[in-house]
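Encoded as C-alpha cells, the structure appears first; notes follow it.
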Amino acid sequence: MIIKILGPGCTNCVNLERVTREAVADLGIAATIEKVTDYPTIAGFGVMSTPGLVVDGKVILSGRVPTAAHVRELLAPLAS
Amino acid sequence: MSIAERLRPTTATRRWAGLGAAAVVWTVLYAVNLPLWSWLVYDVVGLDPASRLGSGVHFFVYDSVKILLLLVGIIFLVTVLRSFMSVERTRALLGGRREGVGNVMAAGLGVVTPFCSCSAVPAFIGFVAAGVPVGVTLSFLIASPLVNEVAIALLFGLFGLGPTLLYVGAGLVIAIVAGYVLGRLKVERWIEPFVFETRLGGQVIDSTAGLTWDDRIQMGIEEVATILRKIWPYLLVGIGLGAAIHGWAPEDFFTRYAGAGNPFAVLIAVLIGIPLYSNAAGIMPLVEALHDNGLPMGTLLAFMMAVVALSLPELILLRRVLKPPLIATFVAVTGTGIVAVGYLFNAVLG
C-alpha cells in the first residue's frame, strides 16, 4: 500500500502524518508513507483543502485532521 | 487520545444532553463574570475601583474570562455550522459564473466556507483550473480572512450589533470591489504559468461529505482547542496591553496622535497593520481599550482589517502562484479599500 500525505508542510499536515503512522502501526499493515509538498501535484489530485490523504492513487480524505481511529477505519478495508 | 475522543458521547440522548449542559454552564459563567470579579478585586482584595491598579487588574481578569467565553462559544457554533459547507461545494457554485455576480457570490461564500489560509495555494489552483475567473477567485481569497468569524464574535460581544454589521458589510464590499478591479486589470499575465497547465485529476471528494452530528460536534471541540492553543499568547499580550492602556495611558495620549483630529490617522493605522501578523482574537482586546480611550471606530476597524486581511506569511504563500506585480497590486487594492472604509466610518459615525 502506498500512502501519500498531501500538504505544503503546515501543522495540519504534520499531524495527519503522525496519526496515519499510528494507524498503520496499529493495523500492522505494510505501507510506504510519502509526503507530497508540491502544489501542482497536490492540485492534480483534486485536493483544494490541505491536508489530504491519498491511498494507492485515490484521495480518501481532505481538509481536516482525523483521529487515528478514523484513519484506521478508512485504511482497514483498503488493506485487504 | 484527543479531548474530543474522550468526550465522545455514546448515545444521541447523551450527546444533546451534554450540549445542553455545556450551554447552561456557559450562560451562568458569562452572567456571573462581572459581579464575581468586582467582588473579588474590589471587596475581597480591597483594590480601589478608582485607582489605576484597581481598574487595570479588574479589566485584565474580567476581560480575559469574557473573551475566552465568547471565543469558546462562538468558535464552536461557527465550526459546527460551517461543517455544512466546503471549499469543493463553493467551487462548484462559482464555476462558470461571470464577473460581477461571481464576485458578490465569492465574497459571501468566502465568509461561510471553512477555509484555512494555509490552503490558499491549492484552492487558488483548484478554482482557476476549474474555470472560475481570477478576479472572482481573489474575491473569495480576500473575503475569507477579512470577514473573520472570531472578529465578528468579538465585535458583537464587545461593541454590539452596529459596529459588527458595519464590519461585515465593509469587508464584503472590499472583497467584491477589490476582486472585480483585479479581474478587470487582466492579471492573468501575472500568474505563474503552471497554474493554467495544471490538469485536475482524480475524483474530487467533498471534505465534509458524510459527517454525522457527532463528527461535527467533535470538529467544533477540536477547533476550539486548536484555536485557543494557537492564540492564547496573543490574547494575553493583547489583554495585558489593553489593561495597561486602560489604567496607565494618559487620557488624551492616543486621541492626540490618532484621534479624529489627525487626517492621516487611518492611513497610518493601516500601514502599521499590514506587516503586523496577529489574528482577530489578539487584536480585539487592544481595539477595545483604544476605543475606550477615545479612538474613532473607523480608524480601529481599518487597523484590525489590515492586520487580519493582509499578512506577510499569507503573501509569501501566495507568491507561489502570483508574480510580484500582482502581489503588490493585490496589497495596494485591498489596502486602499480598507483605508477608504476607515475614513467613511469615521465620517459617518462622527
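Including glycine, each Cβ sits where the backbone N, Cα and C put it.
Since this is a predicted model, take the numbers as computed values, not measurements.
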Feature transmembrane segment in TrEMBL, mapped to one of the ranges B:136-156, B:325-345: B:325-345
Selected stretch (most C-beta pairs under 8 A with the transmembrane segment (B:165-183)) from B:16-39, B:261-278, B:298-318, B:325-345: B:325-345
Long-range environment of the transmembrane segment (B:298-318) - Cβ separation under 8 angstroms, sequence gap at least 6: 117-118, 120-121, 124, 141-142, 145-146, 148, 151, 163, 166-167, 170-171, 174, 258, 265-266, 269-280, 283-284, 287, 290-291, 327, 330-331, 334-335, 338-339, 341-349
Chain residues in Cβ proximity to the transmembrane segment (B:325-345) (below 8 Å; excluding those fewer than six residues from its ends, i.e. six or more beyond): 138, 142, 146, 166, 170, 173-174, 177-178, 181-182, 185, 187, 190-191, 266-267, 269-270, 274, 296-299, 301-303, 305-306, 309-310, 315, 318-319
